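**Q** Dumping the structure here so I can ask a few things about it.
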Amino acid sequence: MAKSKFEYVKQFEAEDKCLPNCWIVIRVDGKSFHRFADVHHFVKPNDDRGLNLMTRAAQCVMDEYKDVVLCYGQSDEYSFVFKKNTNVFNRRGSKIMSNVVSLFTSSYVFYWPRYFNTQSMQYPPAFDGRVVLYPGDKNLRDYLAWRQADCHINNLYNTCFWKLVQERGLTPAQSQEKLKGTLSSDKNELLFNDFSLNYNNLPEMYRKGTVIIHQKEKELDANSMSPLERSPRNSVSFSFQGDYIPRTRVQILHSDIISEKFWTEHPQILDGVKK
């Protein structure tokens, strides 16, 4: 940048460098997505097209930023975990957040036709973002457990809510009143007794959300991959000329990240910063 007498204005820029030796988490969240989902006729309570599109956008972020060791998404949100010792953008919080949010949003729009086919986008979606720092591994795991618990609570409620509306003819207000004050056990009983639905038989993507991690390509078993993973354009860089260059393979999971088993099976997530 050329020197000039006006350069003093740089002194007004706030210093927002993230603390060292902390996990940096960027959470991207849809803005007014209830309205966006209604306008675009999303299937309630879960729309596979919308969920898979969110995951495709998250993959683009993970492919671009190799210091992201894990992504977790549910509904209209995704969290991106940068390793503790990352120096991306010199650890400037606003720079990291703005780049992640902008790439996620542009990828969501770019890949929309692939998932919604002939349904055109009626207006551009917006996503907000926040930066949170977690000093310890337990703090990070508790954060991810919180988001997955939120996924379960919301999905169980929404499954009951829309069953009452769509199959029992209740109004949204009546459905809300019927579910008011109910426990998880009450909702499970309602689904089983009134709709012959065992909640545990619903797809894990709905109940547990989506986890994306880096995986060495030679370690991947094609039979265990999801259809999205087996796509020839999965986890690749793209250009607007349509040229696709393979880069890093990622693995899409719908796992229980609250239990110890997940972390035992994937120790590289937390141990990678030590190598």
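Every residue gets a Cβ built from N, Cα and C, even glycine.
Annotations in TrEMBL come from automatic prediction, not curation.
The structure displayed is predicted, hence computed values, not measured ones.
TrEMBL lists these features:
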- 6-135: domain 'tRNAHis guanylyltransferase catalytic' (DOMAIN)
- ASP29, GLY30, ASP76: Mg(2+) 1 binding site (BINDING)
- ASP29, GLY30, LYS31, SER32, PHE33, HIS34, SER75, ASP76: GTP binding site (BINDING)
- ASP29, ASP76: Mg(2+) 2 binding site (BINDING)
- 138-258: domain 'Thg1 C-terminal' (DOMAIN)
**Q** C-alpha of SER32 (GTP binding site) to C-alpha of ASP76 (Mg(2+) 1 binding site): distance in Å?
**A** 10
**Q** For the GTP site given as ASP29, GLY30, LYS31, SER32, PHE33, HIS34, SER75, ASP76, which other residues of the same chain have their Cβ within 8 Å of the site's Cβ centre?
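**A** Checked against the 8 Å cutoff, the neighbours are PHE36, ALA37, GLU77, PHE127.
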**Q** C-alpha of ASP76 (Mg(2+) 1 binding site) to C-alpha of LYS31 (GTP binding site): distance in Å?
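**A** If we compare the Cα positions of ASP76 (Mg(2+) 1 binding site) and LYS31 (GTP binding site), the gap is 9 Å.
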**Q** Cβ distance under 8 Å to SER75 (GTP binding site), same chain, sequence separation 6 or more: which residues?
**A** GLY30, PHE33, CYS151, ASN154
**Q** Using a 10 Å radius around its CB, how many other CB atoms surround SER32 (GTP binding site)?
**A** 10
**Q** Just to be sure I understand the packing, how many Cβ atoms besides its own are within 10 Å of the Cβ of LYS31 (GTP binding site)?
**A** 12
**Q** So if I draw a 10 Å sphere around the Cβ of HIS34 (GTP binding site), how many other Cβ atoms end up inside it?
**A** 10
